[in-house]
Amino acid sequence: MSVAEKQNDLTTDVEQVAVDGEQDDQHEVFKTHVDGENYRTVSWYSSFALMFKVLFSVGVLSIPGVFAYVGALPGALLVIGWGLYNTYAAFILGAFRLRHPGMHGLQDMAYIVGGAWYRELVGILYVIGYTLVTGSGFIGTATAFNTLSEHGACTVWFSFVAFIISTAVASFPKFGQIGVVAWIGVVLLYIAVLILTIAVGVQDRPFLAPEGVTDYGYQVVASNTTFITGMSACLIIFVSSSGTSAFIPIIAEMKNPKEYKKPISAAMGLLNVTYLVVALVVYRYCGIYIASPALGSAGTLIKKLTYGIGLPGLLVSAILCQHLAAKYFFVRILRGTEHLQTKTKTHWITWLGSVTLIGIISFVVAEAIPFFSTLIGLVGALAYAPLAIIVPMTLWLYDFGEYRKGNLARRSLWAFHVLFIFIGLFMTVGGSYTMIQTIIDSYAAGTVDHAFSCADK
């Protein structure tokens, strides 16, 4: 082949790649070949930070405490099992999006599978879930402020400060603009968790253990687990890595959405290893004497140090969840119009109005409901179990329904996904019952505070 022929072949290949890229772009929600703002600016490693930070928040501070309900071995198996499942479910979502271009969120995928009613149901669950988790981030940030200031002000005021900061940062319309914030949150909260893990390992005894106590309650398998405590542990561990529905809007703003496997693999791998190591170490050295959140388990000095370092990380979680919930309304309202990527008056009113509305609702609900922490568990059962278990399984069955009549391997794979739909229903019903019973027991014990309380939630 002559040099000229090779050059012609190379030119043809480059032109074909360009054509393919334009064809892919036509199907995406956010276009790169249009007049207006380019939303597709997120690299795969920035996507990793965004995905990891959405999940890596209060969960890592809650899991060590629930090991006391079930013991070290069952707790570790739950972390590994749910971690592997949620990773697999995330890959199902990414692959479905690749096979069906143009998906911005889980609600779009639900529309393909079940029509308008399925889309609306999934959309409602998605918005409720991420709105309340935003409120949880406000509460976590207020707790950090309380610790550092030794309750220098009412918790409500600290939550309001968190609401103001979160709303301001979440108002940047593109994930690419808050990628740096996500990295800061990841690094600082990870450092805080590492300090806690090392501190509990080198201390003489658990800080919260009464004087004279030598048995700290560590058990390989807990001997007094009930359905309520076991289901609570299962639900909390599941929810801590179940926010994979947030990955789809992030992938929609990647420079190359086809690279979705890289950030998912990195985020879920690091997340699950961290959960497992931190939970096992903290539970091994503290036993049942673990603070909630766990940052207070190693003494006053370490508590202030870890909250001081991790405070931005707690706030960034609220920022990302507020942004995700607001982006749902923004895209739903402006999709297919020139206002989606053009900075018109309609564009800014819709976007800033969505961000502010989500922030206000999150703040009011978090402060007005006196059993908010338990409400988050209830939302985990009612929202995240369907979003992370039932919906991904229905997506897989939609694309591979013919496996039901295939060979033994294919029929087994089909049955596996059907089984997880029933597991999702069990988590939804069983988890809801557990959380409702917990709320009833709290009222009976008189431990429920009043609305807009100045105490830590």
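Note: Cβ is positioned from N, Cα and C throughout, glycine not excepted.
Note that TrEMBL annotation is computational and uncurated.
Residues annotated as domain 'Amino acid transporter transmembrane' in TrEMBL: 41-437.
The transmembrane segment annotation in TrEMBL covers 50-70 (among others).
The transmembrane segment annotation in TrEMBL covers 76-96 (among others). Same-chain residues lying 6 or more positions outside the transmembrane segment (76-96) and placing a CB less than 8 Å from one of its CB atoms are 63, 70, 103, 106, 109, 233-234, 237-238, 240-242, 244-245, 247-248, 251, 260-261, 264-265, 268-269, 271-272, 275-276, 279-280, 388-389, 392-393, 395-396, 399, 420.
Counting same-chain residues at least six beyond the ends of the transmembrane segment (117-144), those with a Cβ under 8 angstroms from any Cβ of the stretch are 57-58, 105-111, 155-156, 158-159, 161-163, 166, 243, 245-246, 293, 307-308, 310-311, 314-315, 317-319, 321-322, 324-325, 328-329, 332, 358-359, 361-363, 365-366, 372-373, 375-376, 379, 382-384, 386-387, 391, 456-457. Per TrEMBL, the feature transmembrane segment maps to 117-144 (among others).
The annotation transmembrane segment is assigned in TrEMBL to 156-173 (among others).
Summarising the annotation, TrEMBL assigns transmembrane segment to 180-202 (among others).
Here the transmembrane segment (227-252) has long-range neighbours at 28-30, 40, 42, 47, 50-51, 54-55, 59-60, 62-63, 66-67, 69-70, 74-75, 78-79, 82-83, 86-87, 89-90, 93-94, 97, 103-106, 109, 126, 129-130, 133, 175, 260, 263-264, 268, 271-272, 275, 320-321, 324, 327-328, 331, 377, 380-381, 384-385, 387-389, 391-392, 427, 430-431, 433-435, 437-438, meaning same-chain residues at least 6 beyond its ends whose C-beta is under 8 angstroms from one of its own. The feature transmembrane segment is assigned by TrEMBL to 227-252 (among others).
What TrEMBL lists as transmembrane segment is 264-285 (among others).
Here TrEMBL flags 305-326 (among others) as transmembrane segment.
Taken from TrEMBL, the feature transmembrane segment applies to 347-369 (among others).
If you look up TrEMBL, you'll see 375-401 (among others) marked as transmembrane segment. Proximity of distant same-chain residues to the transmembrane segment (375-401), defined by a Cβ-Cβ separation under 8 Å and at least 6 residues beyond the stretch ends, is recorded for 85-86, 89, 92-93, 96, 99, 106, 109-110, 112-114, 122, 125-126, 128-129, 132-133, 136, 232, 235-236, 238-239, 242-245, 369, 413-414, 417-418, 420-421, 423-425, 427-432, 434-436, 438-439.
According to TrEMBL, the transmembrane segment annotation covers 413-436 (among others).
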Item to check | Surrounding residues of the transmembrane segment (156-173) on its own chain - C-beta under 8 Å, 6+ positions past either end | outcome: 37, 39, 134, 137-139, 141-142, 145-146, 181, 315, 318-320, 322-323, 326, 330, 351-352, 355-356, 359-360, 362-363, 366-367, 452-454
Checklist entry - When you scan the chain for residues with a C-beta under 8 Å from the transmembrane segment (413-436), skipping those not six or more beyond its ends, what do you find? => result 85, 227-228, 231-232, 234-235, 238, 374-375, 377-378, 380-382, 385-386, 388-390, 393-394, 396-397, 400-401, 403-404, 406
Checklist entry - Going through 264-285, 305-326, 347-369 one by one, which has the most CB pairs that fall under 8 Å from the transmembrane segment (50-70)? => result 264-285
